[in-house]
Amino acid sequence: MCSSLCALLLVILAVHNVHAKSDPELHMTTPQIIERWGYPAMIYSVTTDDGYILELHRIPHGKTNVTWPNGKQPVVFMQHGLLCASTDWTMNLPEQSAAFIFADAGFDVWLGNMRGNTYSMKHKNLKASHSDFWEWSWDEMATYDLPAMIDKVLEVTGQESLYYMGHSQGTLTMFSHLSKDDGIFAKKIKKFFALAPVGSVKDIKGFLSFFAHYFSLEFDGWFDVFGAGEFLPNNWAMKLAAKDICGGLKIESDLCDNVCFLIAGPESDQWNSTRVPVYASHDPAGTATQNIVHWIQMVRHGGVPAYDWGSKENKKKYGQANPPEYDFTAIKGTQIYLYWSDADWLADKTDITNYLLTRLNPAIIAQNNYFTDYNHFDFVFGLRAPNDIYLPIVDICTKDYNGK
């Protein structure tokens, strides 16, 4: 889950503010932001087995030449979280953003976009204006989107494997796919870097916990009546909130920050406050209401179940009345590096220690990195993240790729 959810509360407060300053990046796409900072940007598309057309963004190299022993660059793939997009990895200044840091280190950087977000709104046969376009959750992202994007990247680059860095839902989909892997997919992932890793979300805190426990029945009822649809798309209202509140007077920008902290965890001392309007203008990037229902089901269930269609439909789909659980104990063959924090209210410490760490085989956990003061968004937007997380990952991948 990502900073996009801040806009859920902010949009109702948006009013015109003559003092607000508009950053040009508020209205740019990911490739435009990349090019604004002097980096090359490329766009690719891939079609999933169930017909969704996903857009991938690529930074093929940085501003300096880096020579690799075998003549080929290492490939890193970055996957956003819930309600987010490829933009998340580029929204800070270049020396603070993961995508640019890896590009300048000589990596071929690829940024994924899951179905239903700003950049992945197409299907071979379905239209986004129709309900059937939105009948999916992260189940389908893990089953279809993730392997389709990974295979496309490897096809274009001519590599056999890549380094994967995911945040929040971007870790959940990888864990889930690996748990059902027959051994072939795992060989394509050299190393899996899990930022704010998500398994169970039973013990989440803050606004989302309150929503899941006290308003989920109302949300379910709305979903039952109106069916599948789009949830929190990136539109003019969100950009208005980003500009006029997050980019307004100090009292208003502080309000913007505090709403975000209500969702992500305690107030952060490592945000670039001048970039908050940019964050809020690109997130939320949209998802399906059915995906939100699936997350609510996870809060209620306390584990990582497949989507619950109801006992009758579950029997048709799964052969049993209750949805099956993803078995994280079955994950093997990929080295995993965990990055989590006591201050993260979404990838909660209790969920990680009581669920994730008790199920992942210790043999595949290469590193278990614990921070005391990172909230959920700090792993992507925090000013200490480059030194604490990104550059150490660059070093790990560089040594691995060079065979050291």
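From the backbone N, Cα and C atoms, a Cβ is placed for every residue, glycine too.
What Swiss-Prot records for this protein:
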type: ACT_SITE; residues: SER168; note: active site, nucleophile
type: ACT_SITE; residues: ASP344; note: active site, charge relay system
type: ACT_SITE; residues: HIS376; note: active site, charge relay system
type: CARBOHYD; residues: ASN65; note: N-linked glycosylation site
type: CARBOHYD; residues: ASN272; note: N-linked glycosylation site
type: SIGNAL; residues: 1-20; note: signal peptide
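All features noted in Swiss-Prot, drawn onto the structure.
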residue: ASN65; record: N-linked glycosylation site; DSSP (3 states): coil
residue: SER168; record: active site, nucleophile; DSSP (3 states): coil
residue: ASN272; record: N-linked glycosylation site; DSSP (3 states): coil
residue: ASP344; record: active site, charge relay system; DSSP (3 states): coil
residue: HIS376; record: active site, charge relay system; DSSP (3 states): coil
The residue listed as 'active site, nucleophile' and ASP344 (active site, charge relay system), Cα-Cα, nearest whole angstrom: 11
Closest of ASN65, SER168, ASN272 to HIS376 (active site, charge relay system), Cα positions, recorded positions only: SER168
